[in-house]
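Residues or ranges marked as disulfide bond by TrEMBL: C88-C150. Feature annotation from TrEMBL assigns Cu cation A binding site to H149, H174, H183. Marked as domain 'Tyrosinase copper-binding' by TrEMBL: 174-191, 349-360. Among the features that TrEMBL reports, Cu cation B binding site is placed at H322, H326, H356. Per TrEMBL, the feature region 'Disordered' maps to 512-535.
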Amino acid sequence: MASTLISPSALLISPTLKKKQPFSFASKRVVFCRANNGFDRRDMLLGLGSLYGATSLVGDPFALASPIAPDFSRPCSDAILPGNHVPCCPPESTKIIDFELPEVRKIRHRPAAHLVDCDYLIKFELAMERMRALPKDDPRSFFQQARVHCAYCNEAYFQKEPPRDEPDQKLKVHFSWLFFPFHRMYLYFYEKILGELIGEPDFAMPFWNWDSPCGMTMPGIYLDPASPLYDPNRNVEHQHVLVDLSDGKKSKTKSTERGTTYELSRTGQIKNNLNVMYNEMVSGSKKATWFYGQKYRAGCNSKDDGQCKPEPGGGLVENGSHIAIHKFVGAKKPPYNEDMGNFYSAGRDPLFYAHHGNVDRMWSIRKALPGWRQEFHYRVDRDWYNSEFYFYDEKRNLVRAKVWQFLDTERLGYAYQNVDIPWLRSRPTPRRLRGGQGKAKVAETIDIRNAFPLVLDNLVRIKVPRPKRSMTKPVEGYKDEDEDEEVLVIQNIQVDRNASVKFDVNINDLDDETPARPEDSEFAGSFSTIPHGIDHPDSKINTSLTLPISELLKDLGIEDEDYIEVSLVPKEGKGLVSIGNIKIDKC
């Protein structure tokens, strides 16, 4: 049946299913947001049960909504590379059915790829062998499943209800709050097809545990050229080395310090990777848009409504470790770095699905972290919950699925193997307190009034004013759980869609010769992207980057400063990125 509303009964767990806590954290606290905009505080409870149960208190919570959805009445387009069109569209179907949440009686646990045993590997390889052997026109085939990703990540579809002020908008799932739910849906149907092909409905595919030291190299099960898990279009130089989660390079990264060169040790690279994950998942995930990405709707109130602009801004995981892994695996084949190094071709590599399994696991972990805040509120952000995508299931049916149906993995029948999460204990520290830096300021500090627009071809340092602080003194002994956080917002980031770029953002960093790294509190975050396989006159990404900085300012002891110095450090694609503005907001 169609599922226009979030149904409380649809979210009930089967009474025969015993819920399992996949992570060994302390129980989450119930945190209330400020009661405002007429919301009842009871509607602000955390947790899926409270959120979905609350929908019965109103009539139609999705009335007048503008959720994102593909328009299947209009032609799907190819990925367009310079001088070459690459077919990017899955098979069409005249019959569409609505996804229904499964009756779950047993949780299947997705295993860490580096920990699977021989029996599991035989089963997994058989499933992949059979998927590859399916006729190319079978929507369940590996060939067509790769096209699904190509279509949604490379502007193959128009939006079903284009914005009023900007008709004919293409649908995009990157650099917005759609990134996590779309990929979870995609993997769910892909996994169900694998299980169907070997007659095991409860089969669970592996995840690449790249956030843990033992998983920071490509999993060995994907490296045998004779295996159906192998893809020849990978960077062979990276097959047996640690990834650098900050930029996608191999672990031995050369830098300059006081005129000498050094290479990170294995221990040093692991530490940096864990610091990256702490920045993305602990200090950088306290609020929904920091983690998921910025809000993206189909309907505009005006031309200035940023929430209906495609690619309004990605979350820290999407911009950071997610892109780093794509770059690390993709082959050195300029200019497009297929397969994993380009969005149009990424689904052709079986390792892609293990990679995004771990990205999806980050979503599950986030909900178990202390300090987790609620998802987007259904009364304000119903468009997120009711955005929809279309996938082929294990029975060859074209299925319409909505975001709200995919918020609880155990309600979908799966969870992740319980492994150690060492980055929880990896908070960066100020390098000025550790000593040993060169303190060589080379770039001139630019006043923000004279800085923009700028093309980022060298390190740039900009003096940015902070918001005026409240004169109200806090009540002694009281801490507001929803107190304002400061965020650094880099606006109007423009880059060609077929470029691979990266720049770091540092705060009050004293050394331009060896800029701060993720182990340093001065390191605020990064912006990164890979080619999209799109070539047309308007093929520029126009997006933003939001970085939480309250914890950073506290660690550096500069909470009371009226200005901070922001360094933009190009690491890849110098001269290919333009920036329109930088500001600090409170949220």
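The backbone N, Cα and C atoms fix where each Cβ goes, and this holds for glycine too.
Given the structure is predicted, the values throughout are model-derived calculations rather than measurements.
Taking the features listed in TrEMBL, we show where each one sits on the structure.
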residue : record                   : Cβ within 10 Å
C88     : disulfide bond           : 26
H149    : Cu cation A binding site : 25
C150    : disulfide bond           : 25
H174    : Cu cation A binding site : 25
H183    : Cu cation A binding site : 24
H322    : Cu cation B binding site : 25
H326    : Cu cation B binding site : 26
H356    : Cu cation B binding site : 24
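Rounded to a whole value, the Cα-Cα separation of C88 (disulfide bond) and H149 (Cu cation A binding site) is 8 Å. Note: the Cα of H322 (Cu cation B binding site) and the Cα of C150 (disulfide bond) are spaced 17 Å from each other. In this structure, the C-alpha atom of H149 (Cu cation A binding site) lies 14 angstrom from that of H326 (Cu cation B binding site). When DSSP labels each residue, the domain 'Tyrosinase copper-binding' (174-191) comes out as 13 helix, 0 strand, 5 coil, counted as helix, strand and coil in that order.
Note: the Cu cation B site is recorded as H322, H326, H356; in the same chain, E318, I323, I325, A346, F352, H355, V359 also have Cβ atoms within 8 Å of that site's Cβ centroid.
Other than H149, H174, H183, the residues of this chain whose Cβ falls within 8 Å of the Cβ centroid of the Cu cation A site are, in sequence order, Y152, C153, V173, F179, F182, Y186, F343, A346, H356. Residue pair H356 (Cu cation B binding site) / H183 (Cu cation A binding site) shows a Cα separation of 7 Å.
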